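S.K.: Questions regarding the structure given below will be posed in turn.
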Amino acid sequence: MTIRKNAHGVWRQPTTPTLSRQYNTTQADHQSQSRHSRPPPSETRSRARTMPAAGSELPRPPSPPAAQERGAEPPPPPPPPPPHGELQYLGQIEHILRCGSRKDDRTGTGTLSVFGMQARYSLRGILVVITTPGSTNAKELSSKGVKIWDANGSRDFLDSLGFSTREEGDLGPVYGFQWRHFGAEYKDMHSDYSGEGVDQLQKVIDTIKTNPNDRRIIMCAWNPKDLPLMALPPCHALCQFYVVNGELSCQLYQRSGDMGLGVPFNIASYSLLTCMIAHITGLKPGDFVHTLGDAHIYLNHIEPLKMQLQREPRPFPKLRILRKVEKIDDFKAEDFQVEGYNPHPTIKMEMAV
């Protein structure tokens with residue numbers, strides 16, 4: 001198996017037949033074909049010596065098609081279909097399994113880790129949801145089916161961090177608070193923070209509308225002052241938005257990426273956020289660029305991820321927003337329709353806490 005890099009991240013040439021079909025042509029292949037397509041010098045000289053003399057009867061080439069006789073060029077062959085975007089994610093997993101460094105971590109589980117990876121996913125007409133596996137209240141999120149914060153908001157976990165007086169489910173000033181009230185004084189998850197701090201999300205939307213060429217359309221969740229109050233410091237720390245040709249793209253810098261459980265959710269959530277902001281600002285979704293700092297696989301996820309690597313990625317679903325929404329706060333769950341999501345059966349992985 002050969003691991004290769006391109007300008008957008010790590011690509012791979014898998015050993016499994018289902019994945020290797022996408023990437024079976026390499027630079028070495030082209031060089032080899034080029035060498036074999038040219039006859040050796042001795043053969044060239046031999047051919048020159050046996051060419052008929054001037055005026056001799058040469059074999060007549062076959063007649064060109066009628067369209068070519070009229071000067072029309074034959075139509076070019078259709079371009080090959082682009083490779084499935086999920087292969088980038090699977091390639092990153094395979095690279096970490098092969099080349100990752102063994103590192104200890106705060107959970108005591110142990111990881112295989114690589115520093116610095118990137119992938120680019122097109123959002124044009126699709127929602128990037130891996131098919132092969134605003135609030136600070138974890139209970140509110142859990143009631144809506146978002147279970148990823150349950151463990152970090154549990155009584156035992158909060159007590160272990162010294163938050164014994166904090167209500168269960170109170171995550172502290174995490175993502176939603178930093179996006180909408182950066183700089184405000186955090187009290188608890190029930191307080192009303194209206195008008196306090198900087199509403200970074202609204203400033204992003206306003207700048208996209210009024211100055212789309214601005215290079216400072218950034219939203220940051222990493223607030224050193226509030227880190228001691230957070231149940232878990234932000235893993236996806238900073239995102240930047242970019243407008244060109246009527247399309248909105250987003251790049252996320254994620255300081256720490258749990259490739260088995262966290263990263264698929266991060267890809268889907270920021271893809272959705274980009275589509276929502278594009279809808280509000282009258283743009284079309286472009287690309288989601290995902291940059292990872294410490295990209296790691298927990299040791300107890302190795303076997304499940306090896307199983308995942310054997311699976312053929314299925315088509316990404318389509319996202320439809322069913323009504324015109326003017327403000328980011330007006331979105332409701334029923335405004336979204338995901339069509340054609342057909343993932344493989346679930347692969348169980350334990351969350352490291």
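For all residues, glycine too, the Cβ spot is worked out from N, Cα and C.
Straight out of TrEMBL:
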type     : residues : note
REGION   : 1-87     : region 'Disordered'
COMPBIAS : 13-29    : compositional bias 'Polar residues'
COMPBIAS : 73-84    : compositional bias 'Pro residues'
DOMAIN   : 88-132   : domain 'Thymidylate synthase/dCMP hydroxymethylase'
DOMAIN   : 134-353  : domain 'Thymidylate synthase/dCMP hydroxymethylase'
ACT_SITE : CYS235   : active site
S.K.: Among all protein chains shown, how many Cβ atoms are found within 10 Å of the Cβ of CYS235 (active site), not counting that one?
M.R.: 18
S.K.: Any idea what DSSP makes of the residue listed as 'active site', helix, strand or coil?
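M.R.: DSSP call for the residue listed as 'active site': coil, neither helix nor strand.
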S.K.: As a quick check of your reading of DSSP, tell me how many residues in the compositional bias 'Pro residues' (73-84) are helical, how many are strand and how many are coil.
M.R.: 0 helix, 0 strand, 12 coil
S.K.: On the 0 to 100 pLDDT scale, where does the domain 'Thymidylate synthase/dCMP hydroxymethylase' (134-353) sit on average?
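M.R.: Averaging the confidence scores along the domain 'Thymidylate synthase/dCMP hydroxymethylase' (134-353) gives 88.
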S.K.: Looking only at the domain 'Thymidylate synthase/dCMP hydroxymethylase' (88-132), what are its DSSP counts of helix, strand and coil residues?
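M.R.: So the counts come to 12 helix, 15 strand, 18 coil.
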